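Engineer: Below: one structure in structure tokens.
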Amino acid sequence: MLLFTPGPTPVPESVRQAMATPTLHHRTPEFEAIFKEARERLLKLFGMDEAVMLASSGTGAMQACVLNLCKTKALTINAGKFGERFGKIVTAMGKELVELKYEWNTPASLDDVKKALAQNSDIDALFIQVSESAGGLRHPVEEIAAYVKSVNSDIMVVADGITAVGVEKIDISNIDALVAGSQKALMLPPGLAMIGLSNAAVAKIGSGVDYYFNLGTEIGKQGKNTTAWTAPTTLIIGLNAIFDEIDKEGLEALYSKTIARAEATQAALESIGLNIYPTVPAKSMSTVMDEEAEAIRKLLKTKYAVNMAGGQDHLKGKIFRINQMGLIPVNESVWVVNAIEMALADLGRRPFDGTASKTFNEVYFKEN
Ligand SMILES: *Cc1c(COP(=O)(O)O)cnc(C)c1O
């Protein structure tokens, strides 16, 4: 079975092997050396001033950012499950919230952000997804972040890059916190969250708030190559192993191949009459809206050995999402679009003639 859900993604064999080594104690020079290596590589991946790792799923890092980077009022962008989650965290943490809400195929508009900031001069943090995984859309984060900083450079720009870090090069010049998670583009098991931080964010965090998610404590400890609490040692060993895999061809190759796969997949899906759901698709996944989404997904799983994700909430049964994140062998991606075309033939929608894989190959191999 090919795992093509947009998180969790498959863990490469070499990474699984690295994580099968005997458990180390975390307060040892041996582990500190491993931690140091992972930290340096993570700083390079983010391209930011500081980085911390947390033993939690991605949501824990989102909560840590709300707790430590928003003091007065948060502005959140809700164009899907994960943007909605930022709003729920803000409310649960007892902070004031201004939420901009969009249909799940529609990116945030800069004009709405401008209005919200004009009407709420006490907003001190913006929370936005780079790639909103609910519908697979790409927000104009760079443009919005630049505007927010031009209005008031003290406003913290927190970007959830859980399905963007490792997918594309993100311009971090106006971003204060960039969140990543282990189980998406970094192809690790779930359980490790990472946050890249600007110097301004580090200054605002200061000694930090909260206990487990106190970023001040973590910044202090992790600068000394250790963690406040027991580190997820196995996942950090895995992180170095995945960086080894990525480094074989380099980060630029990972980005360009991911983007090429996403573009080739989109062209292939459109060539067999399918509709791409988001108006601005992210490169992390390809989302199709279709009346028969569930039937297609079921055929792929039972007949063609491909596991894709469906939709949630009001999009349940209406969309399917194909992962593009990670070091995906291109032959697998060709098979996925071919299998979808065969499923359409099974459903009597169109005769199979190999159009999807032909289109994929034409687009992908022209670029690479
Ligand atoms: C997966 C995901 C998360 C984190 O979810 P967890 O289940 O807590 O790891 C957050 N934001 C986005 C955009 C995601 O895709």
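A Cβ is built for glycine as well, from the same backbone N, Cα and C atoms used for every other residue.
Not my notes, these are from TrEMBL:
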BINDING   Arg321  substrate binding site
DOMAIN    4-283  domain 'Aminotransferase class V'
MOD_RES   Lys184  N6-(pyridoxal phosphate)lysine
Engineer: If you count Cβ atoms within 10 Å of the Cβ of Arg321 (substrate binding site), leaving out that atom itself, what do you get?
Structural biologist: 26
Engineer: How big is the gap, in Å, between the Cα of the residue listed as 'N6-(pyridoxal phosphate)lysine' and that of Arg321 (substrate binding site), rounded to a whole number?
Structural biologist: 14
Engineer: Among all protein chains shown, how many Cβ atoms are found within 10 Å of the Cβ of Lys184 (N6-(pyridoxal phosphate)lysine), not counting that one?
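Structural biologist: Step by step: centre on the Cβ of Lys184 (N6-(pyridoxal phosphate)lysine), count other Cβ atoms within 10 Å, giving 28.
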Engineer: On average, what pLDDT score does this prediction assign to the domain 'Aminotransferase class V' (4-283)?
Structural biologist: 98
